[in-house]
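Asker: Here it is, the structure in full.
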Ligand code: PSU
Ligand code: MN
């Protein structure tokens with residue numbers, strides 16, 4: 001069954017044959033995370049950064065019910081432009097595949113597909129987490145459960161403070177997911193290089209990251225690892241400014257009774273609107289930076 005559902009791009013197929021490092025990329029960030037045309041431009045630039053470092057990019061999505069491991073330029077363009085591609089997390093995959101639909105994969109779904117394709121490293125912007133007031137809404141991203149069980153390393157810029165970062169760390173601790181700072185002791189908060197929280201461990205180069213990842217899996221400890229890589233200094237946003245924006249976005253979400261899988265896209269959209277585009281520039285910069293570090297880690301894992 002699986003071989004009929006998984007479809008590799010030619011470049012990725014070739015990389016598999018030659019045992020080259022492959023880096024997975026998600027597609028929700030393209031369809032629901034950034035506006036057109038910056039979304040497709042960023043997706044292409046991120047792929048080229050990965051290639052420059054000697055790895056092969058595999059952007060993942062569901063198209064006509066096929067799990068695509070690597071997308072063509074036309075497919076990227078389609079995802080970037082289309083208004084009605086479903087946001088696809090773990091629970092959505094069986095429906096989208098069996099009904100031959102399209103879906104843009106979240107962190108959780110991208111981890112699942114990467115793991116099916118034997119890909120160990122995945123680069124994105126930020127992970128989902130425990131939302132603020134989750135004690136009453138029970139809104140906890142499926143990304144966290146995926147990190148608990150699926151063997152893929154996720155390179156990101158930490159978690160946005162649209163979330164309750166403290167509770168997100170508690171959840172990850174319970175499920176045994178190491179949160180590792182890349183050249184930092186503080187957990188980055190996406191737009192800012194720091195947050196009030198520490199990471200669990202720190203690595204300072206790709207080899208140290210690769211050793212930790214390899215060791216976890218050799219010990220039979222299933223599940224992912226978060227590599228938290230701070231946004232470059234020059235692209236970081238002012239902490240007070242972004243926190244005010246996030247508070248405003250959160251109260252609008254509450255007023256509008258936004259729930260379920262619409263919460264994160266709603267908040268991201270509001271933040272973008274209220275920062276008049278400066279959050280988008282920061283977002284693009286941090287994803288590219290993650291692609292650079294993530295592909296170096298993927299190369300190191302194959303040494
Ligand atoms: N956080 C971001 N940008 C994103 C997302 C999260 O800063 O694009 C997307 C990712 O695809 C992530 C998903 O997996 O939102 C989480 O959604 P939810 O909170 O509904 O699980
Ligand atoms: Mn949610």
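Every residue, even glycine, has its Cβ placed from backbone N, Cα and C.
Remember, TrEMBL labels are computer predictions, not curated facts.
This is the feature table in TrEMBL:
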type	residues	note
ACT_SITE	26	active site, proton donor
ACT_SITE	160	active site, nucleophile
BINDING	87, 107, 141, 142, 143	substrate binding site
BINDING	139	Mn(2+) binding site
Asker: 26, 139, 141, 142: which of these recorded positions put a Cβ within less than 6 Å of any ligand 2 atom?
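Answerer: The ones that qualify, in sequence order, are 139, 141.
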Asker: By a 10 A CB contact count over all chains shown, which of the binding-site residues listed here is most packed: 107, 142?
Answerer: 107
Asker: Of the recorded positions 26, 139, 160, which one has its Cα closest to the Cα of residue 87 (substrate binding site)?
Answerer: 26
Asker: I want the residues beyond 87, 107, 141, 142, 143 whose C-beta is within 8 angstroms of the mean position of the substrate site's C-beta atoms, in chain order.
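Answerer: Output for this site, in sequence order: 28, 89, 90, 106, 108, 109, 127, 128, 146, 264.
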Asker: Whole-number answer please: how many Å between the C-alpha atoms of residue 139 (Mn(2+) binding site) and residue 107 (substrate binding site)?
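Answerer: Residue 139 (Mn(2+) binding site) to residue 107 (substrate binding site), Cα-Cα distance: 16 Å.
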Asker: Where the record says 87, 107, 141, 142, 143 bind substrate, what is the longest distance in Å from one Cα to another among those residues?
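Answerer: The two farthest binding residues have Cα atoms 13 Å apart.
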Asker: What count of other C-beta atoms do you get within 10 angstroms of the C-beta of residue 143 (substrate binding site), across all chains shown?
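Answerer: Other Cβ atoms found within 10 Å: 28.
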Asker: In whole Å, how far does the CA atom of residue 142 (substrate binding site) lie from that of residue 160 (active site, nucleophile)?
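Answerer: Distance (Cα to Cα, whole Å): 16 Å.
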